[in-house]
C-alpha cells in the first residue's frame with residue numbers, strides 16, 4: 001500500500017463525507033467502510049476506460065448497495081469519466097463535476113441520492129432497492145458469456161469482460177439475490193464477482209438481531225467460489241481476493257469482506273453511521289483520524305487525479321485501444337458479425353427484420369395469443385439473433401421457447417444458446433433480463449401475469465431506466481379457469497398501467513400480436529409488458545374490420561355499425577374484444593349502432609394527438625362500455641361519466657372458463673344489456 | 001407398513017388421479033409422489049382433530065405446493081374434517097364430500113384448483129403462488145411460540161403446536177422462501193418443519209437444467225436441522241424423520257424427501273406428470289400398478305375411513321379433549337388470560353380498547369403521519385396485547401416499534417416480545433404477518449411504500465384470504481425527497497387500491513391517523529394498507545374543519561367556503577390535504593367557493609350509500625380537482641369528465657422536498673390555478 005493508495009482511499013472518503021454533510025442527507029457509512037475495496041477494484045483491476053464508459057468489453061461495476069452512491073460519484077469524478085449522450089455518443093464533458101458532487105442530492109445534480117442509469121454516465125444500472133443490483137449483474141454476466149460465444153472467433157477475443165457487484169447485508173437478505181445467486185451458480189458464471197460488504201450493521205442494529213446465517217456456506221451451497229477478506233483496509237488482501245476471482249474458471253465468486261461501517265468516524269460500527277451525516281464536528285474528527293485536512297471540504301490532494309489517470313486511466317485506455325485494433329481486424333475477417341455488433345451497440349435492428357413477420361388469416365376458432373406470440377417471437381428472434389430469453393419455469397405454458405435452428409439452451413457447456421432456463425424465480429428473471437438489456441441485447445422473460453407481482457420491483461426498474469426489456473405475461477385473466485383465484489390476475493393490469501414509461505399491450509388476436517411485436521421490437525428506450533391469453537382467441541376478419549396496424553396508435557376503431565357516429569362505444573382489450581364484437585352484433589340486431597374500439601395499449605393511445613383520440617372516442621358519444629376481465633380500476637378515464645365498466649370487482653374462482661364468464665358476467669348478453677341501458681336508460 | 005397403510009396411501013393416490021381425470025384439469029404428479037409422506041404425517045403425527053379443525057393448539061399443515069390440492073382434499077375427505085362457519089362455529093357438516101371431490105375444480109366445489117382459506121375448512125392458508133405457503137408457515141410458528149410464552153403457565157401447557165409445510169422444488173427456488181428460511185433459522189423455530197418434496201422435476205424439465213444447488217447445505221447454512229428421506233415410499237423412514245424433527249429443540253427442521261413425481265404412472269419422473277391428467281388409460285394403468293381396481297373411480301376401500309378414524313381421528317380427539325380439560329382448569333387459575341385467549345380465537349377486541357386512543361391538538365407544524373401512527377399503534381397495542389409486529393429493517397424510519405412496558409423483542413431467548421426484527425426481507429415479512437394473522441394474532445409489518453412492490457404477492461394473499469393483516473407503509477410519495485425515484489412511490493397506490501378487498505388508507509393528519517387505526521384495529525376479515533408520510537403534516541384544526549371521524553366513511557367534507565354547494569371540489573389524500581386547504585383559501589380570497597374533501601380510503605367511500613356519496617361529491621358540481629403525489633391512475637372515477645388531476649405522470653427525482661413540490665407542481669398556486677380554469681375556462 002503506497003502513500004498514494006492511502007491518500008486516494010481517504011480522498012474518496014473525504015468526498016463522500018463532505019457530499020453527505022453538505023446535502024445534510026445521505027448514507028456515509030458504507031462509503032467509509034468500503035472505499036479501500038472500491039478503490040482497489042477500480043485502480044488495480046477494473047478494465048474500464050473513463051474516456052469511453054460504454055466501450056463494449058469494459059468490466060461492469062454495479063453498486064448494488066446503491067445508497068452508497070457517493071462512493072461511485074467520487075470514483076466517476078476522480079477517474080474523469082466522460083459523458084455519454086442518449087444516442088450513445090461519448091462527449092468530452094465529464095460525467096460528474098466537483099459542482100455535481102457539491103450539489104449531491106439536489107435537483108438536477110448528476111449526483112442524485114442513488115445511482116441512476118442514463119442520468120449519470122458510468123452508472124451501469126440503477127440501484128437502491130436492495131438486491132436489484134446483484135440480480136441485474138447476473139444478467140450482465142450472462143450477456144457477456146453469450147456475446148463471447150457469438151462474437152469471439154479464433155484469435156479474436158472481443159468479449160471477456162467481468163462483472164463486479166458490491167452488495168451489503170441488505171442485498172444478501174433480499175430474496176431476489178438468493179434467486180439470482182442460485183441461477184448464477186448453476187450457470188457457472190465465472191465472469192461474475194459479488195463483493196459482500198459484511199459490516200454486520202443494518203438500520204435496526206447489529207445483524208445479530210435477525211441475520212445470523214452463514215452466508216459463505218450458503219454461497220458454497222449455490223456452487224460459488226467464496227473467498228474472504230478479513231480486513232477491508234488491507235489492499236493487498238483485497239487484491240489477492242480479486243486475483244482469486246480472476247483465476248476461477250468454473251464458478252462465480254463471492255468476496256466476503258469484513259468491513260466497518262463509518263470507518264474512522266465517531267459512529268464507526270454503529271447503525272448511526274448508515275443513513276445520516278456525521279455532523280460538522282463528526283466530519284472534522286473523522287478527517288483528523290484519516291489524515292485529511294479537517295477544514296478542507298471536498299479536498300483533492302495534488303497527485304490523486306493523476307494517480308488515477310496512471311492507474312485505471314492508462315490501463316483502460318490501453319485495453320480499449322487494443323480492443324479497437326482487434327475490432328478493426330475483425331471487421332475485415334468477419335464483416336457480418338462486426339456489423340451486427342455495431343448495430344447491437346447502437347440498438348439498431350437488422351435491415352428488413354420485419355419481413356419475416358407473419359400475418360394470420362381470419363379464423364373463428366383462432367388461437368391463444370400466447371401461441372401466436374410464440375410464433376411471432378420466433379420470427380422476430382430469427383431476424384434479430386440477439387433477441388433471447390427464457391421463462392420462470394413456464395416455457396411450455398408461455399410458449400416462449402425459441403425453436404428455430406441454432407436456438408439451443410444457454411447452459412454452462414454451451415454459451416451460444418438463446419433459451420434460458422430461469423427457474424421458478426420470477427423476480428430474478430426480470431432483473432436478469434434487465435441486466436441483459438443493459439448489455440444491449442434484446443431480452444425477454446416470461447411468466448403468468450399473476451406472477452408479475454413477484455417481479456414488480458424489477459419491472460419498475462426497467463421503466464425507470466428506460467431500457468427495452470420485454471416482459472411476457474400469459475394466463476392473463478379469469479381465462480385461466482380451473483387454477484382459480486390464486487392464479488387469476490385481477491389488479492395486475494392496473495398496477496402495470498400505472499407504472500410510468502411501461503408500455504402494456506393486451507392484443508385481441510393473432511394479428512394484433514404481430515403488430516404488438518412490431519412496435520415492441522423497435523423500442524429502444526421503453527420496456528413493454530405483453531399480456532396474453534391462455535385460451536384461444538378468434539383471429540378477426542380484417543377484411544371486414546379495422547386493420548391491426550392500429551395497435552401502433554394504442555387504440556383504434558375495429559367495427560362500426562354504420563357510417564357516422566355510433567350511439568354507443570364498446571371498448572375492450574385482449575380476449576374481451578371478440579366479446580365486444582358479439583355484443584356489437586347483438587346491438588345491431590336490436591337496431592342500436594355501436595362501435596367497437598380495440599384498445600391494446602393505453603399508453604400509446606394517450607400519446608396520440610387529441611384529434612385522433614377524438615376520432616376514435618368522439619366526445620359527443622358519452623354512452624361507452626368498457627369490457628375487460630380485470631379490475632375496473634382506471635377505465636373511468638375512457639368511459640367517462642356517462643359510461644359503464646364490465647369488469648372484475650372481486651377475485652375470481654376455480655372453474656372452467658365458460659362457467660366463470662357466466663358467473664362474472666362476461667357474456668355478449670350482459671355487455672349488450674349494459675350498453676342498451678346507457679343508450680335508453682331504464 | 002401395514003396393509004392398511006398401503007391401502008390408505010393408494011386410496012389417496014386413486015382419489016387424486018380420479019379427481020384430476022374427471023376435471024380434465026389439475027396436477028396429479030405431486031400427490032402421487034408425496035401421498036405416503038402426507039399420509040404418514042397425518043395418520044401418525046399430526047395433532048389435529050378432524051372434528052374441530054380450528055382447535056387452537058392443533059398442529060398446522062400447510063400445502064405450500066398448492067397445485068397438489070387433491071392431496072389435501074383427499075385427506076380432508078378421508079379423515080372427515082368438519083366445516084367451520086365464518087364466525088368460527090364448528091358445524092357437523094363435512095368440509096369436503098365425495099361429491100366435492102368429484103367436482104374438483106368446478107364452480108362452487110369445496111375442492112377448488114388450489115387450497116383456499118375460508119372456502120374449505122381444514123385449509124390453514126391459501127397456497128398456489130409458490131413459496132407463499134412455506135413463508136406463511138414461519139409466521140404460524142412464530143405465533144405458536146408467542147402464544148406459548150404468553151399463555152403457558154406453570155403446569156398449564158396450552159400451546160405447543162408444530163407447523164408442517166410441504167414444499168416442492170418451485171417453493172425452494174422462490175426468493176420469498178429463502179428470506180423466510182433465513183429468518184426461521186435465526187429465530188430457532190424448532191416447532192417448524194418444512195418437508196421438501198425433491199422430485200427434481202419442474203415444468204420445463206429436470207431440475208438439472210437450472211436448479212443444481214445443494215439445498216440441504218443451504219439450509220444448514222441458515223441454521224436449520226436437515227434430515228433426509230431417501231425413499232418417499234418408506235413410511236418407517238418418513239416416521240423417523242418426523243421423530244427427528246420432534247426431538248429437535250433449537251432449530252427448524254428440513255425433511256428432504258427424494259420422491260418420484262407421478263409415482264406408479266406411465267409418466268413417472270417426467271414433467272408430463274406435473275400438470276395434466278394421466279388420461280383414462282394412464283389412470284387405469286397406474287391403478288393396476290398400485291393394486292387399485294382399475295375401473296373403480298373414486299374408490300374408497302372398506303376399512304380405510306375407519307383406519308383414519310382410529311389413527312388421526314382418535315389421537316386428535318384425545319388431544320383436544322385433554323386440552324379442553326386443561327383449559328377449563330386454566331380458566332379457574334388464570335381467568336383473565338383465559339378470557340383473552342377466547343377473545344383472540346373469536347377475533348374480538350378487549351372491552352374499552354378505544355379508550356386509550358389519543359387525540360391530537362391542532363398544530364400548524366404538526367408531525368409526520370409515520371410518527372403519529374407510531375404513537376397510536378403503541379396505544380392500540382397496549383390495549384390489545386396480541387397486536388405485535390415488526391419491520392423489514394426499517395423500524396427507526398417507519399416508527400413502528402412498540403415501546404410500552406413489557407414490549408420487548410421476540411428472539412430465541414425470549415418468545416414473549418412483541419417486536420420482531422424481520423430483516424431486509426419485505427416479501428417474507430408480509431407472508432410472516434399473514435401466518436400470524438391466520439393464527440388469529442393481530443400482526444402488522446412495516447416498510448417503505450416503494451417496497452410494497454417486493455411484498456405484493458403476499459399482500460394480495462391477505463386480501464384473498466380475508467385476514468386482517470396490517471401492512472404499514474411510510475415514505476409514501478415524492479415526499480421522500482433526496483433518496484430519489486428509486487425510493488419514491490408513484491404507481492404503488494394504484495396497484496394496492498385495485499386489489500379487491502384491501503383497504504388502503506392515506507390519512508391527512510394525526511387525527512385521521514387515529515381514526516384510521518380505529519377502523520383498522522376493528523377489522524376482522526379485511527387487511528389494510530396504511531400509507532404514511534415521512535415529512536411532517538400539519539395537525540388540522542378540527543374546530544374549524546370536518547371531524548376526522550369521517551375516515552370511517554372513506555371520504556368526508558373537510559372544508560366549505562360557504563353554505564350551499566361549492567363551485568369546485570378539491571379532493572386529496574394524505575399530505576396533499578393541507579395543500580388542498582391552502583388552495584381552498586387562495587380560491588376563497590379570489591372569490592371562488594371551493595370544498596375540500598379528504599379521501600383517506602377510497603374503498604370505504606365506495607361502500608357508502610349513494611346519498612352520502614352525493615352529499616360529499618354533489619353530482620351537479622362537476623368542477624373537481626384531485627391532488628395526490630402519485631400516479632393519476634384511477635382518480636378519473638371521482639373527478640369525472642369535468643375534472644382535473646394534479647398528480648404524477650413520471651417518476652420522481654432526487655432533491656429536497658420543496659424543490660420537488662415545485663418541480664412537479666404540488667403548490668397551492670398550481671392547484672388553485674387548475675381549479676380556477678375549471679370554474680372559468682380561460
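Keep in mind that glycine also has a Cβ here, set from the backbone N, Cα and C atoms.
Of all Cβ atoms in the protein chains displayed, 36 besides its own lie within 10 Å of the Cβ of residue A:426 (active site, proton donor). Positions annotated as active site, proton donor by TrEMBL: A:426.
Among the features that TrEMBL reports, Mg(2+) binding site is placed at A:169, A:199, A:201. Taking a C-beta cut-off of under 8 angstroms and a sequence separation of 6 or more, residue A:169 (Mg(2+) binding site) has the following same-chain neighbours: A:197, A:198, A:199, A:200, A:201, A:202, A:207, A:211.
For A:367-539, the entry in TrEMBL reads domain 'Transketolase-like pyrimidine-binding'. Taken together, the residues in the domain 'Transketolase-like pyrimidine-binding' (A:367-539) have a mean pLDDT of 98 on the 0 to 100 scale.
Residues annotated as site 'Important for catalytic activity' in TrEMBL: A:27 (among others). Its Cβ placed at the centre, residue A:27 (site 'Important for catalytic activity') has 25 other Cβ atoms within 10 Å.
Classification of residue A:274 (site 'Important for catalytic activity') by DSSP places it in coil, neither helical nor stranded. Counting every protein chain shown, the number of other Cβ atoms lying within 10 Å of the Cβ of residue A:274 (site 'Important for catalytic activity') is 22. Annotation comment: TrEMBL describes A:274 (among others) as site 'Important for catalytic activity'.
When the alpha carbons of residue A:27 (site 'Important for catalytic activity') and residue A:274 (site 'Important for catalytic activity') are compared, the span between them is 5 angstrom.
Cβ proximity to the Mg(2+) site centre (mean Cβ of A:169, A:199, A:201, cutoff 8 Å) flags the following additional same-chain residues: A:168, A:197, A:198, A:200, A:202, A:206, A:207, A:259, A:261.
Neighbour count (other Cβ atoms within 10 Å of the Cβ, all protein chains): 28 for residue A:199 (Mg(2+) binding site). Across the fold, the C-alpha of residue A:426 (active site, proton donor) and the C-alpha of residue A:274 (site 'Important for catalytic activity') stand 30 Å from each other.
DSSP assigns residue A:169 (Mg(2+) binding site) to a helical segment in the three-state reduction. For chain B, the nearby recorded positions by a Cβ gap under 8 A, listed in sequence order, are A:169, drawn from A:27, A:169, A:199, A:201, A:274. Mapped onto three states, the DSSP output places residue A:426 (active site, proton donor) in helix. Its own atom aside, the Cβ of residue A:201 (Mg(2+) binding site) has 26 Cβ atoms within 10 angstroms in the protein chains shown.
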